[in-house]
Amino acid sequence: MIYPGRGASLSVAVALVLFSSGAPWTFREEKEDVDREVCSESKIATTKYPCVKSTGEVTTCYRKKCCEGFKFVLGQCIPEDYDVCAGAPCEQQCTDHFGRVVCTCYDGYRYDRERHRNREKPYCLDIDECANNNETVCSQMCVNTPGSYRCDCHSGFYLEDDGKTCTKGERAPLFEKSDNVMKEGTCSATCEDFHQMKMTVLQLKQKMSLLSSNTEINKQMTNEKMMMTTNSFLPGPPGPPGPAGTPGAKGSSGSPGQMGPPGLPGPRGDMGPIGPSPDLSHIKQGRRGPVGPPGAPGRDGMKGERGFPGPSGPPGPPGSFDFLLLMMADIRNDIAELQSKVFSRPLHSSFEDFPSAPDSWRDTPENLDFGSGEDYKSQSPPKSSRKRKLPRNLKNPDWPV
């Protein structure tokens, strides 16, 4: 698919928009843009709209496009119903593809993209069918022609009707010349020429008989004449296209297309050679200045791992037994209240029911100097105090065990 240039190129470029200041800008399009279009004689509509530059200044910008009912083809604004192939812009075949010119080559020709890119003609080159025997299938000789080929036979052979097969011998003549001897200066015709003219007249009559208005001519056609007009004398399929004509004059170059998108970044190049070392002898170095104030403290770091346990400390002083006695007294009061609620009668209870703590259990100035452990065990009370019996009033049967 190719798109050659055609005629004088009309620059419908957007460069006029940026000629004012050359600074980068942005635009703000409004709804009234359609009403501001002005169509010129070249069918190019110019639209004005406000735009804002990068500096914040509001200015007027212009945008160009084809007027309504026109389309942009090969740098020109032409009517939408205009045939772009009317001026024969292509070398061989032209197709209107939605307003674009599509040039193709005939059968038997190939399109050379490089020649067309360099604007060299002809860019539709002939295909040598004889170079590949599988395409021609000629039994003996193949002769390449512009856009096609033909088969020939050696001496003593003749070409069959298929145009490819050669048969040994000579072809028998289909028609012989008339035996009538014509005088010099007169026209003579062979039987073959006469037969062809007769068949042509019969074919014309057959076509006319198909028309509804020519009923009388249809009646005059006999069965014998209808039998003679067989399919063998009907016109055959169209032949291959003829050779290409001489190329025309070179047209003017078209308008430059729009700038394409930027390509992908290329690979990073190799590092260049290291330059010479700088000369620092001319740089003066003074005395180092004072140390500045410390900066702001940084953020707290992550919590560290737990350290190893430290050594065991010395034993502490012995504990007091008074707290345990108070707790037992509270439990006794709770039990007494529970019994009074269950049995509905008061029970005898006194603080004397509990044995008093031995003097050796109380905190004395002598015991405060001792710590826990073996040192405290050495100060155990005498056996007489440890075997002290409980009073008999604790053997009350009403006391729950």
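The backbone N, Cα and C atoms fix where each Cβ goes, and this holds for glycine too.
Taken verbatim from Swiss-Prot:
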type	residues	note
DISULFID	C130-C142	disulfide bond
DISULFID	C138-C151	disulfide bond
DISULFID	C153-C166	disulfide bond
DOMAIN	234-276	domain 'Collagen-like 1'
CARBOHYD	N134	N-linked glycosylation site
REGION	229-321	region 'Disordered'
REGION	344-401	region 'Disordered'
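DSSP assigns C166 (disulfide bond) to a strand segment in the three-state reduction. Comparing Cβ neighbour counts within 10 Å across the disulfide-bonded residues C138, C151, C153, the minimum falls on C153. For the disulfide-bonded residues C130, C142, the ranking by surrounding Cβ atoms (within 10 Å, all protein chains) places C142 first. Shown in sequence order, S139, Q140, C151, C153, H154, F157, Y158, L159, E160 are the residues of the chain, 6+ apart in sequence, with a C-beta less than 8 angstroms from the C-beta of C166 (disulfide bond). If you measure from the Cα atom of C138 (disulfide bond) to that of C130 (disulfide bond), you get 9 Å. Annotation note: C130 (disulfide bond) sits in a helical segment as assigned by DSSP. Averaged across the domain 'Collagen-like 1' (234-276), the predicted model reaches a pLDDT of 80.
Remark: secondary structure over the region 'Disordered' (229-321) totals 3 helix, 0 strand, 90 coil, with classes taken from DSSP.
Following the DSSP three-state reduction, the secondary structure of C138 (disulfide bond) is coil.
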